[in-house]
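*Asks:* I am attaching a structure below and will ask some questions about it afterwards.
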Amino acid sequence: MPRFFTRHAATLFFPMALILYDFAAYLSTDLIQPGIINVVRDFNADVSLAPAAVSLYLAGGMALQWLLGPLSDRIGRRPVLITGALIFTLACAATMFTTSMTQFLIARAIQGTSICFIATVGYVTVQEAFGQTKGIKLMAIITSIVLIAPIIGPLSGAALMHFMHWKVLFAIIAVMGFISFVGLLLAMPETVKRGAVPFSAKSVLRDFRNVFCNRLFLFGAATISLSYIPMMSWVAVSPVILIDAGSLTTSQFAWTQVPVFGAVIVANAIVARFVKDPTEPRFIWRAVPIQLVGLSLLIVGNLLSPHVWLWSVLGTSLYAFGIGLIFPTLFRFTLFSNKLPKGTVSASLNMVILMVMSVSVEIGRWLWFNGGRLPFHLLAVVAGVIVVFTLAGLLNRVRQHQAAELVEEQ
């Protein structure tokens, strides 16, 4: 058994531990959301504080991006990610002992830092530890599994709260976090030479400057962040569109989200199982028409035959399937088609994505309340069309980078 563990630690148990950590981080929001009103009432707090449980979690996710990437480039990936798993576990455990809404929200913000650790350090380690094609396929598998959480989380949370207190849910998540912590401690490989670059403010700023001056990174960051807009604006504003304006029940609304997340899961499963080379430009370009057809349905369907949810869900799901086919490849290209420190590149990319997502959600909300369904969906269409051009720029830069590497090898 020890020999089997040693042989498969990096290839099997490390990805499993990372998946569990990522899954637990998602569940810390998705599992508790159906009962967030109960949380507020338990603390005798104002109901208006309920959304803060999510917003502060996301704020925690943005707080340490600038630090963790450069830090992991210098002291190694292992100590940073393992520390993150421990912090998340302790924050979930601490939630069981909160006695006020303020304490609960502080714990939520600390739990949110898991986004920083996973996205900035964990995903980079996966890409570094495995080859290009295997790394992309493994990330597709991780995404497919983790995205089950937004589907089953709310339904499971609502069911479990009929039998147990909401604090017990955080105890369950804390146990999951602790198991992932132990798994990472035992199985995570180190992919960075420690101490190769000294940690100083000057060197960190220089690395960030070099990243944001790299045109390939800029094309990649623009492509990925704009690709998120159609899905994230829908996820954020759809409760208002479907429940408030469309008069759907919360249960009906939950089921309308399944096709969107399910489409991404299916797309990633196809990449992992059936696509021989997901970096092939012809495969990437074949996914683009699927995205554009989905975006077209958002406008054409609602113009010709308006429906409370059909065209919005169908169009967004089709788009999600198309972009899901190439998301892992886009991340790989953006992170590794340069000679820049990967932790800093990952941190920079995540900061751009989170900023664009935040702005796009606010724009989408404003368009819905001031213009209605069609102007709201037009935001997704505009973003999707721009992506075609930024994707062309990204692939052109990647091709130039690969050609330059071949010349250097010769």
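Placement of Cβ uses the backbone N, Cα and C atoms for every residue, glycine included.
Quick paste from Swiss-Prot:
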type	residues	note
TOPO_DOM	1-11	topological domain 'Cytoplasmic'
TRANSMEM	12-32	transmembrane segment
TOPO_DOM	33-48	topological domain 'Periplasmic'
TRANSMEM	49-69	transmembrane segment
TOPO_DOM	70-78	topological domain 'Cytoplasmic'
TRANSMEM	79-99	transmembrane segment
TOPO_DOM	100-103	topological domain 'Periplasmic'
TRANSMEM	104-124	transmembrane segment
TRANSMEM	141-161	transmembrane segment
TOPO_DOM	162-167	topological domain 'Periplasmic'
TRANSMEM	168-188	transmembrane segment
TOPO_DOM	189-216	topological domain 'Cytoplasmic'
TRANSMEM	217-237	transmembrane segment
TOPO_DOM	238-251	topological domain 'Periplasmic'
TRANSMEM	252-272	transmembrane segment
TOPO_DOM	273-282	topological domain 'Cytoplasmic'
TRANSMEM	283-303	transmembrane segment
TOPO_DOM	304-307	topological domain 'Periplasmic'
TRANSMEM	308-328	transmembrane segment
TOPO_DOM	329-348	topological domain 'Cytoplasmic'
TRANSMEM	349-369	transmembrane segment
TOPO_DOM	370-373	topological domain 'Periplasmic'
TRANSMEM	374-394	transmembrane segment
TOPO_DOM	395-410	topological domain 'Cytoplasmic'
*Asks:* If I count Cβ-Cβ pairs under 8 A between the transmembrane segment (349-369) and each of 12-32, 49-69, 141-161, 168-188, which range comes out on top?
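*Replies:* Ranked by Cβ pairs under 8 Å, first place goes to 49-69.
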*Asks:* Quick one: average pLDDT across the topological domain 'Periplasmic' (33-48), no decimals.
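*Replies:* Average per-residue pLDDT within the topological domain 'Periplasmic' (33-48): 83.
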*Asks:* Give me the stretch from 12-32, 141-161, 168-188, 217-237, 283-303 with the greatest number of Cβ pairs under 8 Å to the transmembrane segment (252-272).
*Replies:* 141-161
*Asks:* So are the transmembrane segment (104-124) and the transmembrane segment (217-237) touching or not, going by 3+ C-beta pairs under 8 A with a sequence gap of 6 or more?
*Replies:* no
*Asks:* On the DSSP side of things, how many residues of the topological domain 'Cytoplasmic' (395-410) fall into helix, strand and coil, could you say?
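*Replies:* Computed counts for the topological domain 'Cytoplasmic' (395-410) are 15 helix, 0 strand, 1 coil.
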*Asks:* What else in the chain is close to the topological domain 'Periplasmic' (304-307), if you only count residues 6 or more beyond its ends and a Cβ gap under 8 Å?
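*Replies:* Distal contacts: 373.
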*Asks:* Compare 12-32, 49-69, 79-99, 141-161, 217-237 by their Cβ pairs under 8 Å to the transmembrane segment (168-188) and return the stretch that comes out on top.
*Replies:* 12-32
*Asks:* Sequence-remote contacts (6 or more beyond its ends) of the transmembrane segment (49-69), Cβ cut-off under 8 Å?
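*Replies:* For the transmembrane segment (49-69), the far contacts come to 28-29, 32-33, 36-37, 39-40, 80, 84, 101, 104-105, 108-117, 119-121, 208, 341, 343-348, 350-351, 354.
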*Asks:* Short question: most Cβ pairs under 8 Å with the transmembrane segment (79-99), which of 12-32, 141-161, 217-237?
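*Replies:* Most Cβ pairs under 8 Å with the transmembrane segment (79-99) come from 12-32.
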